[in-house]
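Copied over from Swiss-Prot:
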type	residues	note
BINDING	17-23, Ser35, 39-40, Gly66, 121-122, Asp124, 151-152	GTP binding site
BINDING	Thr22, Thr40, Asp63	Mg(2+) binding site
LIPID	Cys210	S-geranylgeranyl cysteine
LIPID	Cys212	S-geranylgeranyl cysteine
MOD_RES	Cys212	cysteine methyl ester
REGION	192-212	region 'Disordered'
MOTIF	31-45	motif 'Switch 1'
MOTIF	63-80	motif 'Switch 2'
Amino acid sequence: MAKQYDVLFRLLLIGDSGVGKTCLLCRFTDNEFHSSHISTIGVDFKMKTIEVDGIKVRIQIWDTAGQERYQTITKQYYRRAQGIFLVYDISSERSYQHIMKWVSDVDEYAPEGVQKILIGNKADEEQKRQVGREQGQQLAREYGMDFYETSACTNLNIKESFTRLTELVLQAHRKELEGLRTRANHELALAELEEDEGKPEGPANSSKTCWC
């Protein structure tokens, strides 16, 4: 039976409550958009497999609550992330200003070398815009991040941003990938995904390894 994936790793979506993190997740994984969502309580996640440069990548994408009362819970997930989206709402200057706080949390709790992308979401709401595209680009440059404006509503830059963060994580693990490319059946000797943290889409495959 063909392998379902070659590597597995974890991405996080962080940012203020209401910036559209859950909508981004649902659009990418299920190609669905709902204009209203119940605020995430603690954390939730979905899975998706994509192929990048011939590597089948299984991505575990965690959607974290933005409310302050859940911060102690959500920060526990930073330390095992390989990639993080920092999300603000272009129609909310407040959410943009809070990116500095989210970056500080990443610096404190996430592993060194974690890959990051800045997202200005709800780009379809141009008439409500409070944060210019140039502001997002400038902030991303200050923190050394790639930047995308996205819209889960219109599907703008959803695939592109998730694919790019996946590429960045793979590039950061190029040594492991060199072994993977030269020995197609070799499985990376890395920590196994903890099955008790959620319910993947299908039965767990005990032979798979991950970068979590």
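Cβ from N, Cα, C; glycine included.
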Cβ neighbours of Thr22 (Mg(2+) binding site) where a neighbour is any other Cβ within 10 Å:
20
Expressed to the nearest Å, what is the distance separating Ser151 (GTP binding site) and Thr22 (Mg(2+) binding site) at their Cα atoms?
12
Neighbourhood of Lys122 (GTP binding site), C-beta criterion under 8 angstroms, separation at least six
Val19, Gly20, Asp89, Ile90, Ser91, Lys128, Ser151, Ala152, Cys153
Across the binding-site residues (Val19, Cys23), the Cβ with the fewest other Cβ atoms inside 10 Å is that of Cys23
If you measure from the Cα of Asp63 (Mg(2+) binding site), which of the binding-site residues Ser17, Lys21, Cys23 is the nearest?
Lys21
Should Ser151 (GTP binding site) be counted as helix, strand, or coil on the basis of DSSP?
strand
Within 10 Å of the Cβ of Ser17 (GTP binding site), how many other Cβ atoms can you find? Include all protein chains, please.
13
